[in-house]
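Feature annotations, courtesy of Swiss-Prot:
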SITE      ARG14  site 'Transition state stabilizer'
SITE      LYS21  site 'Transition state stabilizer'
SITE      ARG149  site 'Positions MEP for the nucleophilic attack'
SITE      LYS201  site 'Positions MEP for the nucleophilic attack'
Amino acid sequence: MNVAILLAAGKGERMSENVPKQFLEIEGRMLFEYPLSTFLKSEAIDGVVIVTRREWFEVVEKRVFHEKVLGIVEGGDTRSQSVRSALEFLEKFSPSYVLVHDSARPFLRKKHVSEVLRRARETGAATLALKNSDALVRVENDRMEYIPRKGVYRILTPQAFSYEILKKAHENGGEWADDTEPVQKLGVKIALVEGDPLCFKVTFKEDLELARIIAREWERIP
């Protein structure tokens, strides 16, 4: 059984909106509904768990009607806490693999879901990633130090793992930027799956405007 964990518990404070960004509506759908729709259509996914804050349960329940949705789980104050809540909820389902995705990355393609899961079956863990094409610098005391671009990737989601591996990675708590970090500390090789620029995360208002433009054509994009 392959289960997608859709993280939708963030506060979206950098967006400066009264509503968390995952619940902002673009082209008739809330942001979280875009990746959710991809999971529901994907033949590679058997079930979906949506993680959000208790005060948004009713909103999610009204928007979600599908047999693939296994449940709505209360998230924590941090990303890692939310992932652990989902893993605990999933114990009774005994999934083989779980796929973790940020709801603020609305434009998820089915081919990426399938490929990340395929690579995770080979190594135990895989993530969507994008080669960096920009110049990178580290700034300290107003001095710029240039970072070589070769071998530098942006880590995206979705990320897929053996359920047992991800559960073990989180069993001692901890706070992580994403889930590949604690998994790699177990000595597990993380497979990288090439993504594309559409996998961006909506963080600022400018991102939301770009998302509106893409959403108008999303159903036509293969």
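The backbone N, Cα and C atoms fix where each Cβ goes, and this holds for glycine too.
Shown on the structure are the features that Swiss-Prot records.
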| residue | record | DSSP (3 states) |
| --- | --- | --- |
| LYS21 | site 'Transition state stabilizer' | helix |
| ARG149 | site 'Positions MEP for the nucleophilic attack' | coil |
| LYS201 | site 'Positions MEP for the nucleophilic attack' | coil |
How many Å lie between the Cα of ARG149 (site 'Positions MEP for the nucleophilic attack') and the Cα of LYS201 (site 'Positions MEP for the nucleophilic attack')?
21
LYS21 (site 'Transition state stabilizer') to LYS201 (site 'Positions MEP for the nucleophilic attack'): how many Å between their Cα atoms?
11
Which of LYS21, ARG149, LYS201 (the recorded sites) has the most other Cβ atoms within 10 Å?
LYS21
